[in-house]
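According to TrEMBL, the feature transmembrane segment maps to B:27-44, B:50-69, B:76-95, B:101-123, B:130-148, B:183-200, B:236-259, B:271-296, B:316-335.
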């Protein structure tokens with residue numbers, strides 16, 4: 001018995017002893033609840049890319065990565081619990097995939113000096129790195145998205161939107177409300193009329209909103225939806241025979257599961273994106289070889305190559321590249337969260353790097369700097385083809401209205417800085 | 001053996017009518033207070049504060065508030081989430097309008113504001129009861145959430161409609177904001193919970209509490225013997241609203257720091273607090289504590305056991321959680337409809353006779 005206890009104790013010590021600490025990447029995922037349809041592919045992509053790095057390259061810079069998954073259910077209280085329970089493990093970067101949780105975490109990560117990467121969601125004005133030192137939202141944010149929709153419509157309407165009516169169907173939460181300010185500014189600038197229609201959580205009930213659309217006959221409908229709300233909206237649009245070509249969702253409203261349920265009626269539906277779609281990239285062969293065939297794929301393994309899987313993988317890629325950059329800056333493979341922050345701020349993504357990683361032309365090239373945590377804000381448009389069940393990129397990544405967005409970012413981040421007594425500073 | 005009245009002599013009425021007439025109970029109560037106030041603040045860390053203790057303390061205040069309304073006065077309410085939102089938004093407006101005032105005052109004012117709103121929505125209770133009142137309070141829930149979403153003044157015209165707690169202090173110690181130390185937020189909530197529990201306990205033992213219970217048990221009979229139903233029902237709504245408002249204010253400012261009304265104070269919150277009261281025990285202060293502890297701790301325990309110890313996938317554990325919590329609620333309602341408080345009461349009766357049950 002005594003021997004047993006000693007062995008046990010020894011075993012415990014050996015297990016706990018830090019031979020070489022792993023690089024910890026917490027994944028605040030949601031595989032349950034009304035938003036699980038979007039949460040699962042993202043979490044799978046995020047996890048699989050780190051598994052790939054471990055299996056193929058032996059981690060990042062020789063240090064293995066470790067993914068800690070924590071289920072938030074898209075719920076802020078559980079998100080806080082997840083944050084608190086994982087931050088002690090040496091978490092390098094948080095990506096909660098929820099605007100609500102992001103708002104909770106912004107002050108917390110700043111106090112704890114851990115970076116937060118909210119790729120294409122979260123608080124848009126965090127693009128101003130002088131105020132939001134630990135928050136990053138490259139390569140694109142909601143206001144780029146709003147401007148991207150308007151730019152695309154301008155382009156397809158000969159540069160003139162005067163007298164047109166654009167309806168915004170949005171999730172009635174911080175997430176859905178984000179683009180309104182920008183769209184209002186843009187409607188003043190380009191002379192179109194904006195009709196904002198909120199949909200309450202979780203979004204299964206949208207009859208009245210679509211009835212209103214039928215009555216008001218907007219020329220275009222854009223959507224800030226997530227989870228079950230997307231499917232319902234596309235189905236409702238099909239029910240009122242709204243032309244799908246004139247219906248453009250943000251990047252969170254444009255995945256396979258959103259359009260599948262409406263069947264052929266969803267053909268022609270468009271959605272924004274800030275990265276490429278499909279599985280026609282060398283990296284997927286690697287994932288097949290090192291992750292799927294070895295039985296290490298996350299979740300059910302049936303999401304590979306879907307839009308949100310690609311986005312999760314892209315997020316993981318950007319995190320891994322930032323970690324590499326941090327290792328280079330600080331000259332140590334064993335980085336901590338503060339070093340990771342420096343790495344993210346010095347991140348450079350270019351075509352050669354992406355091609356090296358097996359992801360040629362997967363996303364835009366960009367550099368992050370202390371002043372600009374938001375990246376270039378290049379937005380592309382994808383379209384759904386219901387017969388071949390694929391998304392394809394129909395408009396390449398193009399710049400958005402920097403003047404309007406820059407002014408709004410400066411205004412909103414300035415208000416935040418004043419409220420929280422932050423002196424904007426970059427040194 | 002330890003737990004009995006024998007030998008514990010009371011020589012005055014005060015002693016006889018104290019909250020814990022049995023010596024063992026009384027010392028246990030002092031010990032709990034001493035540990036909570038003198039030991040926990042020194043050992044607490046961020047995880048324990050933010051993931052376990054703060055939600056427990058804050059939900060316990062909400063459960064006490066709802067218990068007064070549902071358990072003592074018999075007025076069914078499904079508007080708890082909405083009333084907590086009133087507390088949170090009132091607290092936010094006070095915090096931003098009067099930044100120099102102590103956080104204590106903000107929370108108390110938020111409670112007062114909620115009491116007023118709660119009384120207004122309690123007015124229909126004079127005419128309707130039971131299920132119909134539940135529906136009226138349900139309307140309050142939806143109306144209040146809609147209101148805070150719709151009127152930008154409540155969230156100071158912020159672009160996202162979120163409210164975020166700025167840094168505020170009490171005697172120079174930060175209570176809200178990310179830099180507030182864990183012990184300070186814990187102590188702040190604990191002080192409010194202790195005060196609320198003491199007030200609630202003594203109110204329910206006095207005239208007001210007795211009039212509430214009379215109304216609950218049979219309103220016509222109560223009216224005939226001279227209980228004023230207007231006064232009894234509206235005071236119940238006011239006191240309940242005050243407590244729920246305090247919990248809402250703490251929930252927003254101390255615990256979460258940023259909330260979005262639809263997500264944080266939706267109908268699920270009303271049900272959660274109602275489940276706490278039902279599982280804990282209707283008409284019992286201890287039951288409010290037990291119910292809050294049960295529903296806050298159970299998911300955390302299940303997560304730790306499932307994910308960290310057994311290494312199961314997170315989604316399976318999350319689904320199991322729903323199954324287990326649901327099953328436990330049904331089991332409780334069948335086996336012990338009076339809740340955890342009744343189990344405790346029975347245990348105490350047994351202990352009193354132990355070891356000679358006959």
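Cβ coordinates are placed from backbone N, Cα and C, and glycine is handled just like the others.
Heads up, TrEMBL stuff is auto-annotated, nobody curated it.
Contact between the transmembrane segment (B:236-259) and the transmembrane segment (B:101-123) is supported: at least 3 Cβ pairs lie under 8 Å, counting only residues 6 or more apart in sequence.
Here the listed stretches are B:27-44, B:50-69, B:101-123, B:130-148, B:271-296, and the one with the most C-beta pairs under 8 angstroms to the transmembrane segment (B:76-95) is B:130-148. Here the transmembrane segment (B:271-296) has Cβ contacts under 8 Å with residues 52, 55-56, 59-60, 62-64, 66-67, 70-72, 77-78, 80-81, 197, 200-201, 204, 213, 216, 325, 328-329, 332-333, 338-342, 344 of the same chain, all six or more residues outside its ends.
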